[in-house]
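These notes concern the structure reproduced below.
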Amino acid sequence: MKRLWQHCHAATLKGGKYSIVEDAALVTDGPLIHWIGPRAELPPGDYAERIDLGGAWLTPGLIDCHTHAVFGGNRSGEFEQRLEGVSYAVIAAAGGGIASTVRATREASEEELLASARKRLEPLLRDGVTALEIKSGYGLDLASERKMLRVIRRLGERLPATVRSTCLAAHALPPEYAGRADDYIEHICSTMLPALAGEGLVDAVDAFCEHLAFSPAQVERVFIAARELGLPVKLHAEQLSSLHGSSLAARYRALSADHLEYMTEDDARAMGEAGTVAVLLPGAFYLLRETQLPPIDALRRHGVAMAIASDLNPGTSPALSLRLMLNMACTLFRLTPEETLAGVTLHAARALGLEASHGSLEVGKLADFVAWDIERPAELAYWLGGDLPKRVIRHAEEVYRG
């Protein structure tokens, strides 16, 4: 069924630029974009429905390409402690930090995790997100990681959004493997990944390469295991120190390397040559009061595509707004509004391997788009909060109206 969407302007994000079409029209045929361009050039046709968008601006549906949205409990108490000057080391020694989230996630039922994650994700979806990634990594044993990944799959079946599932078993060392990181990595590679991939629960594999998590050599073992299973890889890298994990990610043609505050020029060059996307996470940078900025100029010099994501998680980025991350990326990291919009559309799609079907308003791609109540695209990075979407459209069907 063909629909005509008109009386609008469009920032198509074709090629990662605004690529603006004034007085635009868009034709959908089933779930796909059939035609887009100036309304004056609209070819004649029969349409089952004509939708007047009232002068709204259209953009591709937003894509949150890095979240940890499935978890038990929350850590608001620790947030208060940190503000009172208690160090993370003291909190962790008392059983807090990621260990507390692992306990709560292991104890929660699948239904409880599903309900809490859905509640967290609703604000993102109402604000224009039509695709997202969710990572596991708070289970850290086979049964609990399976539970998390099953919840992620169920969210994909129930939410009006495309949901990609990433296995992050190599997120932290579980308490039962204390002092035996190599043994845990072996367990991931020989048992967990084959089982979870065999059940169809995994779209990609991630790891945390950092001095408080896993070494590059350990991460490489995970990458090799993922490659043998035919799964693409991603990496948390260079958030707190430089271990050149981003260069390792580039060597394995990772979809993305994420955080990157401490990456070097050589790391950026390697990522540019490999086509690995840099996923920047200003929410975690802000909450942790970091001062080491990602090397944005180096990423630009080497042609590295930059995505922006919420990093929604209970410890370092309890962020329920992807649009807020656009403003943070501009004000904290000095990206342009155009770069940030590309970062939550086309480049975010690339970071999930979805660029053929998502991320820009082009013929043949899915008709996932948002009609915004704004006067120019830069407003998406300018306003802090507010209900800006007039309509959120997924697969040519309205899923939210403001």
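Cβ atoms are placed via backbone N, Cα and C, with glycine included.
Here Swiss-Prot has R75, H171, Q239, T316 binding 4-imidazolone-5-propanoate, and the candidate from Y18, Y47, Y138, Y252 in that same listed site is Y138. Of the residues H211, H236, H395, Swiss-Prot puts just one in the Fe(3+) site with H66, H68, D311: H236. G315 (N-formimidoyl-L-glutamate binding site) has R75 as its nearest neighbour among the binding-site residues H66, H68, R75, H236, Q239, going by CA to CA distance. For Y138 (4-imidazolone-5-propanoate binding site) paired with H68 (Zn(2+) binding site), the C-alpha to C-alpha distance reads 9 Å. In space, N313 is the closest of the binding-site residues H66, H68, H236, N313 to R75 (4-imidazolone-5-propanoate binding site), judged by Cα positions.
Considering other CB atoms within 10 Å as the measure, the emptiest surroundings among the binding-site residues H66, H68 are those of H68. Summarising the 4-imidazolone-5-propanoate site geometry, the residues cited as binding it (R75, Y138, H171, Q239, T316) extend over a maximum Cα to Cα distance of 20 Å.
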